[in-house]
Amino acid sequence: MRQSSPKHFNMASSDMETCKSEDMHMHMQMQVDIEKNPQEQQDVRSQWVLNAPEPPSPCRVVADSFRKSFSHFQHKFSSLTNQPCTRLLLSLLQVIFPIFSWGRNYTATKFRKDLLAGLTIASLCIPQSIGYATLAHLDPQYGLYTSVVPPIIYAVMGTSREIAIGPVAVVSLLLSSMVQKLIDPAADPVGYTKLILLTTLLAGIFQASFGLFRLGFLVDFLSHAAIVGFVAGAAIVIGLQQLKGLLGTTHFTTKTDIVSVMKAVWEAVHNPWNPRNFILGCSFLVFILTTRFLGKRKKKLFWLASISPLISVILSTLIVFLTRADKNGIKIVKYVKGGLNPSSIHQLDFNSPYIGEVAKIALVVAVVALTESIAVGRSFASIKGYQLDGNKEMLSIGFTNIIGSFTSCYVATGSFSRSVVNYAAGCETLVSNIVMAITVLISLQFMTKLLYYTPTAILASVILSALPGLIDVTEAYKIWKVDKIDFLVCVGAFFGVLFASVEIGLLVAVVISFSKIILISIRPGTETLGKLPGTDLFCDVYQYPMAVQIPGVMIIRIKSALLCFANANFARERIIKWVTDEESKDDEGNPKSNIKLVVLDTSNLVNIDTSGIASLEELHKSLSARGKQLAIANPRWQVIHKLKVSNFVSKIEGRVFLTVQEAVACRTRC
């Protein structure tokens with residue numbers, strides 16, 4: 001084969017450049033001609049809409065999603081494999097355990113701040129943990145166990161810098177109210193504890209799975225309004241149950257609804273009871289609330305509010321010990337088992353006859369715990385100006401509870417009250433959680449005997465003092481002002497928890513939320529558009545009264561993202577009714593308007609199904625029978641593709657336009 005000479009090559013290159021320049025010149029000439037002719041401009045842009053490439057099929061979308069995820073991990077893996085072994089090991093550790101990333105820049109200054117914050121939240125954590133354990137119908141040491149291992153695991157794996165991990169009131173109530181229906185904690189405390197530990201393990205598995213498979217949207221099923229109402233209702237129920245400790249009664253209802261609790265309180269008051277418990281508990285409750293008030297008024301005194309529960313425990317224990325008040329009717333905690341967290345692997349019974357019910361409880365608890373923890377973490381992340389990875393948070397909380405279930409811990413999550421104290425104390429990193437855990441561990445090892453004379457009324461006071469922060473009246477009022485249906489969700493969760501049960505309250509909130517979504521779907525919003533004077537913008541004539549409607553044209557925007565079997569007929573009937581009303585006769589018997597063209601602005605419409613297309617066809621037939629024409633403006637990719645495949649575009653004679661302005665200009669040809 002003969003090789004081309006440089007001369008031939010240069011000639012060929014010259015010819016190609018000449019052809020390119022001629023094509024470019026012709027293209028530019030055509031563009032100039034089009035710009036001179038607005039009609040051709042409009043036709044060309046309509047062809048842009050009609051000749052768009054075919055959108056990817058659902059199978060291709062799923063395949064592309066998997067391919068992107070796989071290529072993302074493959075890219076990460078390939079970038080790691082090219083590194084030395086030590087660097088590779090460090091990179092893997094940094095991905096799994098973020099502490100290896102931020103720990104490299106840790107300084108003595110940060111440690112001093114974390115040490116102070118850790119000691120501060122430990123002083124709040126110790127009495128709260130004991131109180132929350134009793135709320136969960138567990139022995140007091142389980143609350144302390146839950147404040148040792150989970151904070152350390154989270155400190156190694158978590159991404160939030162300010163969050164304080166441990167037992168919380170709402171989760172403790174949720175566990176006790178649901179698990180006690182399977183086994184009575186008073187009749188079989190060992191069996192009840194086993195179910196709590198099994199629930200913790202399964203909840204951790206669910207939470208880790210949510211993060212691993214990126215199922216964070218499941219947490220969003222509990223809306224903000226639902227959480228506000230649920231937490232407020234739970235706080236009132238928790239507060240009423242603490243009257244058992246304040247009154248010093250032995251027998252009290254295990255039900256959580258307000259009617260049963262108030263009945264139990266009424267019976268307790270009318271039976272012999274010792275007022276010393278009530279006086280002691282209320283006295284220290286006033287002390288704790290006073291320090292909280294001072295801490296809010298003067299920010300420098302935040303530490304006083306933080307340590308006041310621990311001071312209350314110490315002082316009340318000394319009072320009971322020195323006066324032997326336990327001999328005169330003061331109820332005390334008595335024995336608290338000390339020492340390191342014992343292994344609880346042997347207590348995890350997967351052959352339990354209640355395994356199915358426990359799995360359901362674990363799923364509910366997992367979602368509620370994650371919702372609270374992520375909400376707390378995101379609020380502080382936004383204040384500090386860093387991004388919180390929701391999936392990593394789910395993984396870290398999940399592994400925290402999985403490992404916690406092996407070490408005698410029950411479900412732990414981010415505590416709002418302790419996180420606020422941690423932030424106010426000036427924490428810099430998660431080392432404050434480690435300091436807190438070590439402090440609680442030292443208390444478990446050496447100080448549990450000192451808790452023998454701690455009055456139960458003080459533990460009730462500590463829990464009651466934490467409840468006002470859970471009832472957010474201001475946020476409930478804000479929800480009422482913004483969205484009435486969301487307020488209905490909030491109220492439904494609130495009264496569901498108060499008058500039925502915790503799980504019923506959650507169920508009511510979720511049902512109302514889904515009903516709201518369905519209602520919006522089956523009754524899509526439609527609005528009549530007019531042109532704003534001096535602009536090319538078309539807006540809702542009710543929102544913008546100055547917008548001018550075009551004579552002979554009715555422009556309607558469908559506000560729903562999906563036109564489907566659930567809402568297509570409703571949208572069609574609404575449009576026909578508007579056209580009919582517009583053409584109805586006035587008082588003098590003359591038509592108000594003579595509509596020649598109906599333009600559907602589909603810019604909000606993301607997708608359409610066969611029922612939606614059939615509805616548009618019926619709309620077209622109805623308008624044609626009245627001598628009117630239908631045009632489509634600004635359709636999305638999936639919408640125009642389906643309209644073309646179904647031959648709807650040809651039925652409306654290709655009246656598909658890029659903008660509403662161009663569709664309106666079409667009226668001169670209608």
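Quick reminder: no glycine exception, Cβ is built from N, Cα and C everywhere.
Features of the protein shown, as given by TrEMBL:
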DOMAIN    563-667  domain 'STAS'
TRANSMEM  115-135  transmembrane segment
TRANSMEM  163-183  transmembrane segment
TRANSMEM  195-215  transmembrane segment
TRANSMEM  221-240  transmembrane segment
TRANSMEM  301-322  transmembrane segment
TRANSMEM  361-383  transmembrane segment
TRANSMEM  395-413  transmembrane segment
TRANSMEM  420-444  transmembrane segment
TRANSMEM  450-473  transmembrane segment
TRANSMEM  485-514  transmembrane segment
The transmembrane segment (420-444) touching the transmembrane segment (221-240) per 3+ Cβ pairs under 8 Å rule: no
Spatial neighbours of the transmembrane segment (395-413) far in sequence, C-beta under 8 Å, 6+ residues away: 133, 136, 138, 142, 145-151, 153-154, 157-159, 165-168, 171-172, 175, 196-201, 203-212, 341-345, 348, 365-366, 369-370, 372-373
Same-chain residues at least 6 beyond the ends of the transmembrane segment (301-322) whose Cβ lies under 8 Å from its Cβ atoms: 120-121, 123-124, 126-128, 280, 284, 287-288, 291-292, 294-295, 330, 332, 421, 424-425, 450-451, 453-455, 457-458, 461-462, 465
Recorded stretch that, among 115-135, 163-183, 195-215, 450-473, 485-514, has the most CB pairs under 8 Å to the transmembrane segment (361-383): 195-215
Stretch with greatest number of CB pairs under 8 Å, the transmembrane segment (195-215) reference, 115-135, 163-183, 450-473, 485-514 candidates: 163-183
Number of helical, extended and coil residues in the domain 'STAS' (563-667), per DSSP: 53 helix, 17 strand, 35 coil
Residues of the parent chain within Cβ reach of the transmembrane segment (485-514), under 8 Å, 6 or more residues beyond its termini: 173-174, 177-178, 221-230, 232-234, 236-237, 255-259, 364, 368, 476, 479
